[in-house]
């Protein structure tokens, strides 16, 4: 880790690193807003068919509605049908529900919405109800598809063109596409701009992540990565505050997008990764950047002693390794032990993200204030991640991973048997499940990095991230299965984490085990004799940088 030694000699975690981390962490607050924004911008208010005539359209409880709208088996007014002609005899007879043989028709004149909680949403803007209600979930899946495409696209581009230019571009793209989404003329254009916003989301996450960890000394990554991870958690609370103040979806979309213009402006000041510059054949530029870091950190004399020759000599081993790498994604399934790890870790990544977004993007189903439930869902991540840290450090990674997933699945399944009237119990179980899933995320980033050997570690992390994105794409679509059976979404969201938790039991434990360097060491762990009594904190330090991306 020669580059890390150079950073230590130039001030370690100095003034420059603090400013650097703060500037790269600020966008994370608003990234949470875009990820979970549809809880508010796509909220579905109470609605019913528009009735021609002089009736009070804004009155959703008036007795006159019984003469105009049929009632469902649950005793509620139909949201998608109306009588072809007013049935005033229903009022006179004081009946509780309509006759089955009365003629009805769909909402030919549109719908009337209750604007008491939401002034405007994409649902009310484009009438995404009744036969078009599935478009709500489709829009979120399209956004998550953009996140997946962005992770694939920017992952390769950042290695070729650098982290800094792509971070600048991603902030600009997030600003522009976010603004365009707010002024979309129709649903199709809205989905297109949301897809591009998702692409930009991944660009910011991946490149700001790399820029952060590649300028931070190894010994300080635990604190900085954890602090940055909590920025996303706090960002969920920022979203609640914005949504509570701004009840119009277009203005809320603007409020969450405009800050990225300021991030774009100051991102020009953030220098390129020094390590990437050296490995890309630009040691002169890297040396200049390091001298600037030394000056800001008050280590000007140490910076003046640094030369291009010293820099290249110190990093010669890393330079040679980057030029001689011959490993590919096929190595994730080529050998039996690594293949088993890849299968089990793919299941855990997919199910964690799948169930997490299945809960986090369906807040209206709990029957309580959407603002209160979002606050609770956001704050539960704080103790969940804290507890997860201690369990993974002192009990074990495998135990932590399996328990959190199984408990999350059980909590979700319990809600199937809890009546809708027991809102407090249902909410408590959902919050507990969401907290377990947040803890699972926290463990996964660490565990995955320790399971794979150094030569394919980043490839393995990429596989996990891809499976998580797939889970995020499918989660909104799985909610549509409620049309088949009302509890089917909960059954799916609950069973998959339990099955994945069981699959996680077949993964090897990595607590106190030195990080493997080669595939052979993973396949034959008995031959790995590198100080088997090493402290559990050593593998943690090597892979703690992954914690920064938790839940993002």
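Every residue, even glycine, has its Cβ placed from backbone N, Cα and C.
Annotated topological domain 'Cytoplasmic' per Swiss-Prot: 1-16, 159-164, 207-225, 272-336, 379-398, 448-459, 509-552, in sequence order. According to Swiss-Prot, the feature topological domain 'Extracellular' maps to 38-137, 247-250, 420-426, 481-487, an assignment based on sequence analysis. For 17-37, 138-158, 165-184, 186-206, 226-246, 251-271, 337-356, 358-378, 399-419, 427-447, 460-480, 488-508, the entry in Swiss-Prot reads transmembrane segment.
In the predicted model, residues of the topological domain 'Cytoplasmic' (159-164) average a pLDDT of 82. Long-range Cβ contacts of the transmembrane segment (460-480) within its own chain (Cβ-Cβ under 8 Å, at least 6 residues beyond either end) map to 134, 136-138, 140-141, 144-145, 147-148, 151-152, 155, 329, 332, 341-342, 345-347, 349-358, 361-362, 444-445, 448-449, 451-452, 489, 492-493, 546. Here the topological domain 'Cytoplasmic' (379-398) has long-range neighbours at 226, 229-230, 233, 236-237, 404, 431-432, 434-436, 438-440, 442-443, 446-447, 450, 504-505, 507-511, 536-537, 540, 550-551, meaning same-chain residues at least 6 beyond its ends whose C-beta is under 8 angstroms from one of its own.
The transmembrane segment (226-246) makes contact with the transmembrane segment (358-378): 3 or more of their CB pairs lie within 8 A, with pairs spaced 6 or more apart in sequence.
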